[in-house]
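Q: Pulled the feature table from Swiss-Prot, pasting it below:
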type	residues	note
ACT_SITE	SER165	active site
ACT_SITE	ASP262	active site
ACT_SITE	HIS292	active site
Amino acid sequence: MKPENKIPVLTRLSDEMKAVVNFQQPGLPPWPADGDIETQRQYYLLERRFWNADAPSMTTRTCAVPTPYGDVTTRLYSPQPTSQATLYYLHGGGFILGNLDTHDRIMRLLARYTGCTVIGIDYSLSPQARYPQAIEETVAVCSYFSQHADEYSLNVEKIGFAGDSAGAMLALASALWLRDKHIRCGNVIAILLWYGLYGLQDSVSRRLFGGAWDGLTREDLDMYEKAYLRNDEDRESPWYCLFNNDLTRDVPPCFIASAEFDPLIDDSRLLHQTLQAHQQPCEYKMYPGTLHAFLHYSRMMTIADDALQDGARFFMARMKTPR
């Protein structure tokens, strides 16, 4: 699409979102567009430090979990000594960026608002690790903690998955993988999905939105996909293009959150409409005036905190509902 035909989203953002876009961190160098992947990962970690500051304090524990691909680092956030459920978190970053530190504040707030133990999974990044490794690592982590629950004071009778952006895809894909492969790790009571991508190759929102401000141009999205997938055939896999999976039955309740000016918003809309059409429990909420990745900015955006609390409320309600 000709760039001039795109919607000028920067003029339509909320005041909070504009403040974030215009905020300059002192001493932060520009994004290393021409740097290699390791340089970009280090920059992303540095840039996110400000946004992760002043997070709630709570007991945390790091654990290396054995998987078929080697040990995967996890971090357990325990807001209280006992927990009614366990929530696994998959971070975003286009499959190529991010770790437990870049999303630390999000996980701490989610633990605080749910009152549950949140386990962040530092899955292997692409292109070094290709589909479906991150999903299989996530499943291995769930299996490990289901077998060692007493050792970590976990309640794994009720579990959930949560994630933002690429992590949202991994969260839903992992839950479907457990269902499809008949792997028992606990009763999946809910999945919390913030502005994920779920398999669309093109859409109205992907044409109208996306630019240098969010790193989600068509070229960017193609790059993330090529880094993650092994080959072109993987695009149609039911655990990548989740719309090719069976969404008509036994899908855990989904909280589906989107950002108004996100190129990926149509993925969330289609997911919601598909689940709703087949009477699968779900809730959809769009956060006006926001860009993709707004969940990171709760230090400056009350709506980011609202989005986390909305997901937490959804999860807590499912803790009380027999399934």
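Any Cβ shown, glycine's included, is placed from N, Cα and C.
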Q: Look up SER165 (active site) in the DSSP assignment and reduce it to helix, strand or coil.
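A: For SER165 (active site) - judged by DSSP and reduced to three states - the answer is coil.
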Q: For ASP262 (active site), what residues in its own chain, 6 or more apart in sequence, show a Cβ-Cβ distance under 8 Å?
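A: For ASP262 (active site), the qualifying residues are TYR195, SER205, PHE209, ASP214, LEU216, THR290, LEU291, HIS292.
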Q: Looking only at Cβ atoms, how many others are within 10 Å of the one on HIS292 (active site)?
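A: Taking every protein chain into account, the count is 24.
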Q: Any same-chain residues 6+ apart from SER165 (active site) with CB under 8 Å of its CB? Would you list them in sequence order, or say none?
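A: In sequence order, GLY92, GLY93, GLY94, TRP194, TYR195, GLY196, LEU197, LEU264, HIS292, ALA293 meet the Cβ cut-off.
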